[in-house]
């Protein structure tokens with residue numbers, strides 16, 4: 001009898017190390033004996049349903065190592081969120097191809113898809129083991145200490161802010177940098193990791209978990225600018241106001257703006273993206289008057305997709321190694337028939353940075369997400385604490401080496 | 001008699017390697033015997049006029065090496081463009097401080113300031129030698145084969161586009177990336193340097209030197225999208241229309257948009273920046289209808305300041321070394337009393353990448369700038385030629401290693 005097959009897929013927004021996990025799975029399967037064909041599904045669940053597979057068993061180590069270093073999903077990704085009928089089709093495809101192992105790399109929604117398919121299989125007495133391999137730059141999976149993809153995105157953000165802060169020291173003004181993360185502020189919080197000298201930026205940090213009014217925002221910027229003659233602001237695209245929607249979530253500035261702009265019948269702004277930065281810059285220009293009536297120099301940048309896909313040596317080597325590791329671990333776990341479904345979750349030792357993994361039911365991970373813990377946000381709501389730096393820095397690994405001539409004055 | 005002093009300043013938009021040139025000057029002065037104090041002017045000409053100097057002779061090698069790796073102007077920069085009276089004040093400051101050597105790191109405007117001060121000195125029979133040390137990510141200085149700062153910005157752009165292209169392969173759609181360069185298209189042209197596989201992006205490249213109409217732009221995007229099901233567009237912030245202004249320059253899309261928007265009494269868009277990307281994305285969404293009536297997925301990113309200030313290992317090591325070298329060379333040249341004023345210009349050997357420098361009068365460099373040569377732009381005006389790749393790749397040095405599973409099909 002031939003050995004049963006496995007499917008691997010990638011899902012959701014790409015990261016810089018999602019291919020590390022893919023390669024971890026491929027290499028572990030190449031070295032194991034319980035799996036037959038390893039079928040890579042093109043564009044996630046869509047490829048499974050359409051039978052669009054690519055056989056990965058024979059991939060050379062040279063190719064795999066290059067793919068591992070390449071950002072974004074090498075198999076292609078998807079935004080499809082399967083309903084019951086879609087899950088049924090996935091299950092049919094698995095039966096047809098004698099697939100008994102399903103490795104799915106993705107965020108919390110992807111995890112839930114995998115879980116539902118496993119339930120279908122169980123109900124039909126079809127032997128299927130399902131493994132959720134975590135990835136998300138948002139770092140918002142429950143149970144997981146952190147997720148592969150976050151470390152590299154955080155390193156990109158911290159590095160970008162460092163560079164931009166030196167730029168701002170060089171030509172002083174007010175600068176707004178808009179960072180990814182609609183609901184969770186982990187990535188925006190990473191903006192503080194590169195601070196080294198007194199008065200280094202970012203001087204103000206706003207995460208979705210700490211809502212801020214227009215008045216408070218302007219007063220904060222004004223105070224920093226009066227003190228330093230410049231101000232670097234890191235703001236999450238999910239910047240929120242102290243007002244809750246029907247679901248109990250903070251309403252975002254982007255949502256408020258969208259409502260206003262719809263009333264103005266002017267709909268060509270991408271408000272969650274560049275529009276927010278432009279809006280904040282405009283707000284400062286029109287509402288703040290500096291001492292002496294000098295015109296304020298205000299600029300904004302929205303870091304955009306580069307945060308999740310910038311390749312090369314800017315990637316966190318810790319993150320890359322962990323991405324690989326969780327892929328390999330998933331294949332290890334799959335040798336144990338008792339493991340029917342679960343997510344490979346990294347856990348951190350007390351007191352030092354040592355990572356182990358646990359296998360936790362997908363139910364503990366799917367649907368609901370995790371917020372930035374309150375102890376990571378300063379009391380004023382406009383800065384990030386040392387506790388967060390201690391949490392995040394080992395995941396980022398290292399940051400660019402810099403120096404300032406201010407050291408000469410010492 | 002004590003030795004005469006020197007002033008060094010930095011000017012204009014920061015780059016990733018402008019401090020390499022600063023450190024090159026400091027190290028060469030530390031090793032030479034013809035210069036007394038080396039005074040670093042804080043924020044360029046402004047520091048000279050205000051007597052805001054920092055003495056650099058005693059800086060440690062550890063600090064200098066860290067400063068060299070730090071983006072943006074360590075001394076501070078300025079946008080001041082001195083008039084005759086301002087130049088007179090600079091000259092007065094030089095006399096007061098017995099400054100006989102002026103090293104000025106900057107673009108073409110900065111070069112001209114230095115030249116005017118030297119003329120003033122000559123007219124007053126004051127012994128002053130003036131050295132322009134090039135820097136600009138725009139790469140638009142005449143006589144110079146290329147300028148320090150360009151290689152690193154080009155590497156950032158090429159890397160960012162590589163990552164974004166894999167992102168776009170992963171989740172197909174139409175993506176617009178707006179790249180710095182209001183007049184010269186060198187940096188936007190660098191977007192093609194990372195292409196490796198068939199159908200790799202960017203699929204369309206628009207530089208200021210090759211104007212394009214709205215109709216042509218839309219037709220180009222439509223054709224690529226119909227062929228590949230996705231389209232990555234690299235566009236210069238100085239994107240132009242085939243229409244000339246009074247000075248004979250191409251009118252930019254941003255200028256046209258600004259005029260329209262002013263009429264709409266809606267002025268809160270940064271049109272040269274994020275506004276252009278949003279506008280192009282909106283144009284595609286509203287004017288292109290894909291086959292089957294499926295909604296187009298269109299996004300835009302504006303790379304912004306990161307292009308000139310992203311630190312760390314993303315910097316071109318060739319660019320960094322050349323930035324250091326032109327600084328050191330300026331100090332070498334200053335030993336020759338016959339060298340009254342000039343710019344340190346890199347020249348390339350025929351047939352291989354070997355750089356030497358010449359000393360050329362600032363008049364040959366200042367004011368007018370250089371465009372992307374016509375042979376670097378494809379006949380259709382929407383792509384970049386191999387001749388440009390051959391020109392730029394040695395300056396960029398290396399790009400991230402990548403791999404695609406498409407190799408498995410071979």
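The backbone N, Cα and C atoms fix where each Cβ goes, and this holds for glycine too.
As annotated by TrEMBL, domain 'Phosphofructokinase' applies to B:7-332.
Every protein chain considered, the tally of other Cβ atoms within 10 Å of the Cβ of residue B:13 (diphosphate binding site) stands at 23. Under the heading diphosphate binding site, TrEMBL lists B:13.
Residue density at residue B:108 (Mg(2+) binding site): 24 other Cβ atoms are found within 10 A of its Cβ, drawing on all protein chains shown. What TrEMBL records for B:108 is Mg(2+) binding site.
Residue B:109 (site 'Important for catalytic activity and substrate specificity') carries a helical DSSP state (H, G or I). The feature site 'Important for catalytic activity and substrate specificity' is assigned by TrEMBL to B:109.
Residue B:135 (site 'Important for catalytic activity') falls within neither a helix nor a strand when secondary structure is assigned with DSSP, and so counts as coil. The number of other Cβ atoms within 10 Å of the Cβ belonging to residue B:135 (site 'Important for catalytic activity'), over all protein chains shown, comes to 32. Under the heading site 'Important for catalytic activity', TrEMBL lists B:135.
Taken residue by residue with DSSP, residue B:181 (substrate binding site) is part of neither helix nor strand, so it is coil. A 10 Å cutoff on Cβ-Cβ distances gives residue B:181 (substrate binding site) a total of 27 other Cβ atoms nearby, all chains included. Sequence annotations record features per position, and here TrEMBL assigns substrate binding site to B:136, B:137, B:138, B:180, B:181, B:182, B:237, B:305, B:306, B:307, B:308.
Long-range neighbours of residue B:138 (substrate binding site) (same chain, six or more residues apart, CB within less than 8 Å of its CB): B:107, B:147, B:150, B:180, B:181, B:183, B:184, B:186, B:187, B:369. Per TrEMBL, active site, proton acceptor is recorded for B:138.
Sequence-distant neighbours of residue B:136 (substrate binding site) (same chain, 6+ residues apart, CB-CB distance under 8 A): B:12, B:13, B:15, B:106, B:107, B:108, B:147, B:149, B:150. Proximity to chain A, defined as a CB-CB distance below 8 A, holds for B:306, B:308 out of the recorded positions B:108, B:109, B:138, B:237, B:306, B:308. The substrate site in the record is lined by B:136, B:137, B:138, B:180, B:181, B:182, B:237, B:305, B:306, B:307, B:308, and its two most distant CA atoms lie 16 Å apart. Between the candidate recorded positions, B:109, B:237, the densest Cβ environment within 10 Å is the one around B:237. The Cβ of residue B:308 (substrate binding site) has 26 other Cβ atoms within 10 Å, all protein chains considered. On the backbone, the CA of residue B:135 (site 'Important for catalytic activity') and the CA of residue B:306 (substrate binding site) stand 17 Å apart. Between the CA atoms of residue B:237 (substrate binding site) and residue B:109 (site 'Important for catalytic activity and substrate specificity') there is a gap of 21 Å, rounded to the nearest whole number. Rounded to the nearest whole angstrom, the C-alpha distance between residue B:306 (substrate binding site) and residue B:109 (site 'Important for catalytic activity and substrate specificity') is 23.
Of all Cβ atoms in the protein chains displayed, 29 besides its own lie within 10 Å of the Cβ of residue B:306 (substrate binding site). The average pLDDT for the domain 'Phosphofructokinase' (B:7-332) in the predicted structure is 92.
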